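Below you'll find the structure, written out as structure tokens, and then a few comments.
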């Protein structure tokens, strides 16, 4: 089980940056970075989310992504990180309640779960 102090430093890995790159980070470390994002928006403490529950949720999200070229776990993480950056660096969080920000971040991570890797045009044929 991860505690906040065991998670990557958000500044050191660039989590607040729109130019964030996941390339040097392992898929396992991305899970830790994802957990850190929830701590950074202060919803873990505010809503008393057990870290074990959040960790299991993040691993479940990771498992929900297929091993496809683009819409994979790395893409899912990047969507979550982008939402985080818009909320925090873009200063949009002030327009939302903490619960709404929590929901938007969680939804962003789940955006393309189970995506088959094809585009809409292919699926319409």
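Just so you know, glycine gets a Cβ as well, placed from its N, Cα and C.
The domain 'PDEase' annotation in TrEMBL covers 1-125. TrEMBL lists 71 with the feature active site, proton donor. What TrEMBL lists as Zn(2+) 1 binding site is 75, 112. Sequence annotations record features per position, and here TrEMBL assigns Zn(2+) 2 binding site to 112.
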Cβ-Cβ distance under 8 Å to residue 112 (Zn(2+) 1 binding site), same chain, at least six residues away: 65, 71, 75, 76, 79
Among 71, 75 [recorded positions], residue with fewest other Cβ within 10 Å: 75
Residue 75 (Zn(2+) 1 binding site) - helix vs strand vs coil (DSSP): helix
DSSP-derived helix, strand and coil totals, residue by residue, for the domain 'PDEase' (1-125): 76 helix, 0 strand, 49 coil
